[in-house]
Amino acid sequence: MMPRLQQHKIILRQLGLQPYAPVSQAMHNFTEFRTDTTPDEIWLVEHQHVFTQGQAGKTEHVLMPGDIPVIQSDRGGQVTYHGPGQQVMYVMVDLKRAKIGVRQLVTAIENTVIETLAHFNIDSHARPDAPGVYVEQQKICSLGLRIRRGCSFHGLALNIAMDLEPFQRINPCGYAGMQMTQVSALQPGVTVADVQPVLVREFTRQLGYPTAKLQPWSLSDYLLSSHSSSSVL
């Protein structure tokens, strides 16, 4: 059954193109210092070129990173790539307050992507053996979450209009030979800006939120000196 969260405001923040590490630290700080009344948030960001290793990551799946940095992350899953033209959406949801479980959230995120792609006439599906969203046998969206004190952070990475070559330098999500695809390969001309409003609308619909309210984002708001730092992002 779909959760109904009409009474729970959700805030949307547009971050633009950002390096991974400071945004990850900001997300950790937000989660660490949020309270029972803090509204849930969605962050939309494109990251500068980076490989991130999830908690289950193994070094043998990083084949030839070359000039792209590899950063350890505390999200679920294994290694993936982020770069310009890929829409990352971080979802900071108080699961306790929403009375939903992790599996429900994962399903909602996967359905968000499936419905977003359907809007652009792309058929896709989730797989029970490998989190994410796929078009036939090719992966188009990766997913990795972390739960702390009953609240989610991290989220999804949807390939839209990017250079897919760096995925050849890794075994994406720990699968040797995993083929990647993107929205623009299936529907030429579609951009990140085209996808963003559909993605946000579908996520709020999946969880029954009211319309997300766009508010400004400043990194300095999240990296205050009183906030603790973390070496694992």
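In case you wondered, yes, glycine gets a Cβ from its N, Cα and C as well.
Features as listed in Swiss-Prot:
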ACT_SITE  Cys173  active site, acyl-thioester intermediate
BINDING   Arg75, Gly76, Gly77, Gln78, Val79, Thr80, Tyr81, His82, Ser142, Leu143, Gly144, Gly155, Leu156, Ala157  substrate binding site
DOMAIN    36-211  domain 'BPL/LPL catalytic'
SITE      Lys139  site 'Lowers pKa of active site Cys'
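In this structure, the C-alpha atom of Cys173 (active site, acyl-thioester intermediate) lies 5 angstrom from that of Val79 (substrate binding site). On a Cα basis, Leu156 (substrate binding site) lies 12 Å away from Lys139 (site 'Lowers pKa of active site Cys').
Taking every pair among Arg75, Gly76, Gly77, Gln78, Val79, Thr80, Tyr81, His82, Ser142, Leu143, Gly144, Gly155, Leu156, Ala157, the residues recorded as binding substrate, the greatest CA to CA distance is 15 Å. In the three-state DSSP reading, Ser142 (substrate binding site) counts as strand. Proximity of Gly77 (substrate binding site) to non-local residues of its own chain (separation of 6 or more, Cβ distance below 8 Å) is seen for Gly54, Gln55, Ala56, Gly57, Pro131, Ser142, Leu143, Gly144, Cys173, Gly174, given in sequence order.
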